[in-house]
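Taken straight from TrEMBL:
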TRANSMEM  6-22  transmembrane segment
TRANSMEM  43-62  transmembrane segment
TRANSMEM  74-96  transmembrane segment
TRANSMEM  128-150  transmembrane segment
TRANSMEM  162-186  transmembrane segment
TRANSMEM  198-219  transmembrane segment
TRANSMEM  285-306  transmembrane segment
TRANSMEM  318-338  transmembrane segment
TRANSMEM  344-369  transmembrane segment
TRANSMEM  390-408  transmembrane segment
Amino acid sequence: MEPFYLVVFGSLASLVAVLELSKTSKDRFSTSSAFNSFKNNYLVVYSLMMAGDWLQGPYVYYLYSHYGFGKGEIGHLFIAGFGSSMLFGTVVGSLADKRGRKRACVTYCITYILSCITKHSPQYKVLMLGRVLGGIATSLLFSAFESWLVAEHNKRGFDQQWLSITFAKAIFLGNGLMAILSGLFGNVLVDSLKLGPVAPFDAASCFLAIGMIIILSTWTENYGDPSENKDLLTQFKGAAAAIAADEKITLLGAIQSLFEGSMYTFVFLWTPALSPNDEDIPHGFIFATFMLSSMLGSSIASRLLAHPTPRVESYMQTVFMLSSMALLLPVVTNLLVAPSNVKGGSISFSGCIQLIGFCIFEACVGIFWPSIMKMRSQYIPEEARSTIMNFFRIPLNIFVCIALYNVSLP
């Protein structure tokens, strides 16, 4: 492996360590033991849930190609997952608000485990069913858990500001550390132990089952609006009306959809951007580097959220500006640096510049997640929290489906 990759990774690791170890009392909230116990319980569950998700990510495409499916067929399978999330997301969100968020979190575990089981079959229809189940599970992952946390936090009378601690730690551990560890663990299962590309999905099922047991044994139920006189359609209309009536909720949804849309586009395109001439790049190590960048961002976010100023709405403007500049780097470098016509070889000079820019973007992603969670806790009404959060994902899933459809065209 080239020294450049090790230097970037080592520099990021050092920055994360310095930021975490240099935190003073001014960068931390003074909290109660009851809150710390509650927070740690949630972080364990959330980390297990994210491990179950991250273990699958790097091997989905590989598994489908292992079964002999082409690029177009695989693209359609991915479209089915995002389409399922778009079609069923709002429904399961409404059910979570009405029937209980704890129950929805357990449903996530069961649904995702069933999705993992389908990966043992090479039949296209069975795999398609797995993608539909996975789309439903994704909707629950990104709405039910956060909705349960916010409602339970408020129900127990904890300081509203303390939510920022849980949000930042959840992203640091779940979207950073667990992503890196899951990638390494999956690599051991597939490459070192030679257990095949379905092994990470079996491991994911185990983590999800453990998390489900903890949820069932330690979590209490909470609801959005459990009133019996409201059916799902009424709740659905109420959530839509809440979005239309409050400009802040509408803008929050637009911000989330646009940023996540750029994030998913980045996921599809970072590989061809760094290796336009089939340069030999260490994909797994670069992915781990990106996740380390995200950890750096969440560490920065925890400091920002611990202080009353600057407000989230203020510093997020800078985050969006930095993200835009980082994603413009491939365009700028292609204009200023003459393209190489040599196939293969090591990463180019422009590729090195782009990699640094992409790390900056991932750091912005790490700041974005806990910050948008904080904003959602402030602006989204409790009675329809899960429903509204899944409303936000509809334009995102439409955008991703369109992008995937064009990518999957022969």
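Placed from the backbone N, Cα and C atoms, the Cβ positions cover glycine too.
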Annotated stretches the transmembrane segment (74-96) and the transmembrane segment (285-306) touching (3 or more Cβ pairs under 8 Å):
no
With pairs restricted to those 6 or more apart in sequence, evaluate whether the transmembrane segment (344-369) and the transmembrane segment (318-338) have 3+ C-beta pairs under 8 Å.
yes
Positions whose Cβ lies under 8 angstroms from the transmembrane segment (198-219), at least six residues beyond its ends:
41, 44-45, 48-49, 51-53, 55-56, 58-59, 63, 102, 105-106, 109-110, 112-113, 116-117, 119-120, 148, 152, 185-186, 189-190
Should anything in the same chain at least six residues away from the transmembrane segment (162-186) have a Cβ under 8 Å from its Cβ atoms, list it; otherwise answer none.
29, 31, 35, 39, 42-43, 46-47, 49-51, 54-55, 58-59, 149-150, 153, 199-200, 203, 284, 287-288, 291-292, 294-295, 298-299, 301-302, 305-306, 366, 369-370, 373-374, 377
With pairs closer than 6 in sequence left out, are the transmembrane segment (390-408) and the transmembrane segment (128-150) joined by 3 or more CB pairs under 8 Å?
yes
For the transmembrane segment (390-408), find every same-chain residue at least 6 residues outside the stretch whose CB is under 8 Å from a CB in it, and list them.
71-72, 74-76, 78-79, 82-83, 85-86, 89-90, 92-93, 139, 142-143, 239-240, 243, 252-253, 256-257, 260-261, 264-265, 268
Give residue numbers and ranges for long-range contacts of the transmembrane segment (318-338): same chain, 6 or more residues beyond its ends, CB-CB under 8 A.
259, 262, 266, 273, 348-350, 353-354, 357-358, 360-361, 364-365, 367-368, 371
